[in-house]
Amino acid sequence: MKETAAAKFERQHMDSPDLGTDDDDKMSPATSPFLATPRTAGIVGCPFSGGQPKAGVHSGPLQLIESGLLNDIENLGWTVDFAGADALAVSIVSDTPDPDIGRLKQPRLVSRVTKDVADRVYAHASKGQLTVTLGGDHSLAMGTVSGTFKAYPEACLIWVDAHADINTPHTTESGRLHGCPVSFLLGLDGTSSEEIPEFSWIKPCLKPERIVYIGLRDIDAGERKILKDNNIKCFSMFHVDKYGIGKVVEMALDHVNPDRTRPIHLSFDVDALDPSVAPSTGTAVRGGLTFREGHYICEAIAETNLLVSLDIMEINPSLGALASVAQTVDVGRSLVRCALGETLL
């Protein structure tokens, strides 16, 4: 029988010596005004692919964990609270019919799983833990952001992605909910409980001025109108090229967190990175962030000491050769390490 990630985690921690070193403090951020001590990373593994059509993205969390992510986090001085990458498997398997609602595909499944994720994220956040959610497709952000904002109503959201993921049930062409989470979080037209009671658990928690995008380069026409109509701040790859990533991150923070007092939720879709950096993802778009640009975003946010929740989404180990998969998983691990305080010096 294949060893589960949870069992492997338990075995490693029972059998392995403490990996902490005297250099831990050099890699650790200063004290957070929001997180409890000792610093604990609450890991939420989400092996879920129901928000999009490509098989394999559900394997992302297990690949990250089996590659050594939990030890990476511990080596940075964090305590790890982890219940197993397959913790949501029961919620995902269902024989219940799930017909389309309008254009939306598998809406009941997505709703059930994302509500479960919201509860899990909130449980970690309410204990003062920094939640690290491993996807899985980006529809999961309906749950992760909802859970974070329930614990921190004054939080802000930094969304790093090639795509805006802000289609509504009326504007989506594909009907895939990984392209819609932000519209539900904002409570846009077509997302109300009166129109889609299956998602009545989602309470609009996000204000347009509390979200900023970095890395956009593939936006649907309907999304472009939504972004303009709601005056949502966006930094596309044009802005990254024009100003440089350092200035872009500074401007992004100035917009959503001008006084640097609000908790930050960072939702990072690896397709924000150029396909040469993260090839094994379902909706890759050329012309993305470089390796260093992606990592700088995480480093700069870690430097604020305001990060309370992190998503790493859309790693798909079924796409590409083994070397491409290993490269993408390794990038996912290093993004998490940088967001949790790893520095060179």
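Placement of Cβ uses the backbone N, Cα and C atoms for every residue, glycine included.
Here is what Swiss-Prot records for this protein:
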- I101, H124, G128, I232: Mn(2+) 1 binding site (BINDING)
- H124, S126, I232, C234: Mn(2+) 2 binding site (BINDING)
- 1-16: compositional bias 'Basic and acidic residues' (COMPBIAS)
- 1-34: region 'Disordered' (REGION)
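Sequence features annotated in Swiss-Prot and their locations in the structure.
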residue : record                : contacts (Cβ under 8 Å, 6+ apart)
I101    : Mn(2+) 1 binding site : P107, P169, I196, E198
H124    : Mn(2+) 1 binding site : G42, V44, D81, T131
S126    : Mn(2+) 2 binding site : A151
G128    : Mn(2+) 1 binding site : F34, L35, A36, T40
I232    : Mn(2+) 1 binding site : I166, P208, I211, V212, Y213, I226
C234    : Mn(2+) 2 binding site : A164, V212, Y213, L216, L227
